[in-house]
Number of protein chains: 2
Amino acid sequence: MSHAAAQAEPSAPITVPVPLGERAYDILVGRGLIGTAGARIAALGARAAAIVTDAHVGPLYADALAASLEAQGLRISVTVLPPGEATKSYAGLERVCDAVLEARIERGDLVVALGGGVIGDLAGFAAAVVRRGVRFVQVPTTLLSQVDSSVGGKTGINSRHGKNLVGAFHQPSLVLADTALLDTLPIREMRAGYAEVVKYGLIDDPGFFAWCEAHWREVFAGGPERDRAVAQSCRAKAAVVVRDEHENGDRALLNLGHTFGHALERITAYDSARLVHGEGVAIGLCLAFRFSASLGLCPRADAERVEAHLKAAGLPTRLGDVPGGCGTVDALLDAMAQDKKVKGGALTFILARGIGQSFIAPGIEAESVRAFLRDETNTSRP
Amino acid sequence: MSHAAAQAEPSAPITVPVPLGERAYDILVGRGLIGTAGARIAALGARAAAIVTDAHVGPLYADALAASLEAQGLRISVTVLPPGEATKSYAGLERVCDAVLEARIERGDLVVALGGGVIGDLAGFAAAVVRRGVRFVQVPTTLLSQVDSSVGGKTGINSRHGKNLVGAFHQPSLVLADTALLDTLPIREMRAGYAEVVKYGLIDDPGFFAWCEAHWREVFAGGPERDRAVAQSCRAKAAVVVRDEHENGDRALLNLGHTFGHALERITAYDSARLVHGEGVAIGLCLAFRFSASLGLCPRADAERVEAHLKAAGLPTRLGDVPGGCGTVDALLDAMAQDKKVKGGALTFILARGIGQSFIAPGIEAESVRAFLRDETNTSRP
């Protein structure tokens, strides 16, 4: 099994449909998909494709992708951007829009995002606004982007007022999640993406969480379990997105662990040397469960089980795990209040009654959060 | 009648509904609407409003608008931008988005665009992308923006590759077209806007064109005919937009006169000292009708009637009317081919079988356009 998995030969991919009416699309999950990209993208009827990638991913995969597209007769351009969150800026948007226009992409043509979440969010946003909307295809190259940012149509850039505060809902026409690309992913990025995989189990699928506990090593190693984990995560996210495409309700469940996680990212100034998004989410998931337990909503044993699993997978689980610390309780609360999910001034949390039983809890009092964080800060510090 | 019209006292406005399902909204047309803006905007349920205006319009009307909103208890901010097309840029977008975020505008709140097409397009685009979409209200202050850009949900900025090439479809929640604001509009801008009014008659309403011929002086003077002309134009545009919100078909009819007009704007480098949009449209309408006549599609008498009316209203009607000239036939053709309505390389024109009988004509050969323009250039030059 692991021998077959280690090969890069294409097998039949798993198809995850995202049934959004006239914006419906498929997510394909499998090893070696990048080699089949040309035929699949040509089938969408485009005559040209503007590939957008970054200087980490481009040198590894852009040639293979371009060749596959050119073999189908598509006119190709490739734009290589600096890697990292700073690229998700107004300047980055202008650069990508200009490149797409330069490539004479018309309404029937395509933008192809080859990279992680930064490239997907930025290229997707550019596709949303060039000529008031051209189609785009995602080829996510990290576990995080395969299970999270490539599903749901959220695109955008960062503002000096916060992350992802400027953007659009723009659904891709196709997502090709080539799980073989993860073979070369740094272990820290793999773990960070895995925190989002676990999240789907914690939201509403206790069976999937148990499956993760049993199979996480194979997911990391690249066996067929990896494809299954990616596909199941996409299915779970798609199900929520279909219920609530524009985030007016249920979609907030996907923020489980994120109110805390975003605050930690803000506190650490988005310095990836200290904390990457998925690590913030891992700590945030543990905090959400422990907060739920402290409010008497959730068995303490469930909170401990969440922590044990994330810890086993090599992820941070406590405020004290953040290198350089995470500031005072007040600073954390301030950082949380800045979150864009704040509505009418009240704090909204995603809490849980147990593993796989999360729910939206609006109007949580700042005082009860403060008391909880005070306890956490004390127990976290050595 | 003209005595009553000259007063700024509010009368019952004309309501033009734009029935776009869950994006439906009303356009109100009438004198003195700005004084009632507060109550009307508060009724939308917002708690805060970010007013975006420019340095021409802001000093005239921003205080009155702000006072009307504050009287209803809304939290207000005012952003004043440099006037002119150059503001519709990536930098302008960043500035407005930042101002809207700074003003803590949340999903239920509003951006209010107080100004002409530039402010409407830019503030509307910012509203489309801040937090992936907040609501906005248009208070158009020119005839052109009251009858054109405030209807239909097209928002955007210019790119170095062309005008309006980056943007979004984002419908306003309400449009307040205060026709008293046009009393102080420079006559040249009034005329330019009037070209778009005439266009609606030419597209599919010969009765409205005849009404324009009979009543254009009252429209300019500010009588109740002005309100009627604005309301009828909005109704006409709304009817097309409702049939084709995202410009996949019928909506192209609204481009009558615009393929030529945009080319002229491009040729004159968008120098408003030489040519403003509506003037380009006026010449473009005449060219579209004369081109239709030269192809044997339309009676020559209709083309002459179009020209006579636009000329009577003080608008340019010939290539030779462009100050500084409009270059060679080849340069005009090149400028036309760059238009974003080019699809698959072929030129699409809106032509006419007579006044009020326009239609979409895809796949027009460049050679027949060239021959027509050669004739026009010869007859236009003294």
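Using the three backbone atoms N, Cα and C, a Cβ is placed for every residue, glycine included.
For the Zn(2+) site that TrEMBL gives as A:HIS258, A:HIS277, the extra residue drawn from A:GLU196, A:GLU365, A:GLU367 is A:GLU196. Note on proximity: of the binding-site residues A:GLU196, A:HIS258, A:HIS277, the one nearest A:GLY117 (NAD(+) binding site) is A:HIS277, by Cα distance. Closest to A:GLU196 (Zn(2+) binding site) in space, going by CA atoms and restricting to the binding-site residues A:ILE119, A:THR142, A:LYS163, is A:THR142. Taking Cβ-Cβ distances under 8 Å and a sequence separation of 6 or more, the neighbours of A:HIS258 (Zn(2+) binding site) in its chain are A:VAL281, A:GLY284, A:ILE350. The least crowded of the binding-site residues A:LYS163, A:HIS277, judged by other CB atoms within 10 A of its own CB, is A:LYS163.
Those residues of the chain, other than A:GLU196, A:HIS258, A:HIS277, with a C-beta within 8 angstroms of the mean position of the Zn(2+) site C-beta atoms are A:LEU144, A:ASP148, A:ALA195, A:LYS199, A:GLY257, A:GLY261, A:GLY278, A:GLY280, A:VAL281, A:GLY284. You'll find the Cα of A:HIS277 (Zn(2+) binding site) roughly 11 Å from the Cα of A:LYS163 (NAD(+) binding site). In the shown protein chains, 31 other C-beta atoms lie within 10 A of the C-beta of A:ILE119 (NAD(+) binding site). Mean pLDDT across the domain '3-dehydroquinate synthase N-terminal' (A:80-191) comes to 95 in this model.
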